[in-house]
Amino acid sequence: MIEHLGINTPYFGILVSLIPFVIATYFYKKTNGFFLLAPLFVSMVAGIAFLKLTGISYENYKIGGDIINFFLEPATICFAIPLYRKREVLKKYWLQIFGGIAVGTIIALLLIYLVAITFQFGNQIIASMLPQAATTAIALPVSDGIGGVKELTSLAVILNAVVISALGAKIVKLFKISNPIARGLALGTSGHTLGVAAAKELGETEESMGSIAVVIVGVIVVAVVPILAPILL
């Protein structure tokens, strides 16, 4: 019976990904952004559960999943649009923006490493966790290049984003950060795409700064992690 589901076609993996994503998006909006209903998180859990319950292999899913994965990198390029829209702000505060994001990203990388060695994780797990500061399209090839497990990296990136999506705006308000540039950079640096979504709810400037942060963090991760990995591992 399972064979009749078309599991050997790309449509299977695409539908297994998109159906829970669309449903979760509907309820996520209905519940005013309840973090456990974050579409990325729900579709990931639902996909794993479906494959586990049906006994369908990951290889069957991957046929269609790879097609979705192909569009991750072109989608990331879209973050250049807010960069262009806010180019005057970027020119005016470029040192503060680049400096703040660079410091935040390096601290995040070191904290990830300290947590990993505290819990005595193996080198492969540490390599999988180090790139999680970047968005998925950037983190996965970096993880693969330093000997990490891409699936584990993807999980780390998504969980990190879900937490920031749920708590990021509240933390910004808790610390009374009123500057829209600072708020956007904080959310984008810590939560990548979902951080930008949280920043969007605060304002247009926050959204643009969050998008800028995603791009810059990605560049830093690509440049720094491959250099740090041989030293730390």
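Quick reminder: no glycine exception, Cβ is built from N, Cα and C everywhere.
Over in Swiss-Prot, the protein carries these features:
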- 5-25: transmembrane segment (TRANSMEM)
- 33-53: transmembrane segment (TRANSMEM)
- 63-83: transmembrane segment (TRANSMEM)
- 97-117: transmembrane segment (TRANSMEM)
- 152-172: transmembrane segment (TRANSMEM)
- 212-232: transmembrane segment (TRANSMEM)
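The stretch in closest packing with the transmembrane segment (33-53), judged by the count of Cβ pairs under 8 Å and taken from 5-25, 97-117, 152-172, is 5-25. Within the same chain, residues 8-17, 90, 135-138, 140, 196, 207-208, 211-212, 214-215, 218 sit at least 6 positions outside the transmembrane segment (63-83) and bring their C-beta atoms closer than 8 Å to a C-beta of that stretch. Same-chain residues lying 6 or more positions outside the transmembrane segment (152-172) and placing a CB less than 8 Å from one of its CB atoms are 33, 35, 38, 40-41, 44, 125, 128-129, 131-136, 139-140, 143, 183, 186-187, 190-195, 197-199, 201-202. Within the chain, the transmembrane segment (97-117) has long-range Cβ neighbours (under 8 A, six or more residues past its boundaries) at 90, 125-126, 129-130, 132-133, 181-182, 185-186, 189-190, 209, 212-213, 216-217, 220-221, 224-225, 228, 232.
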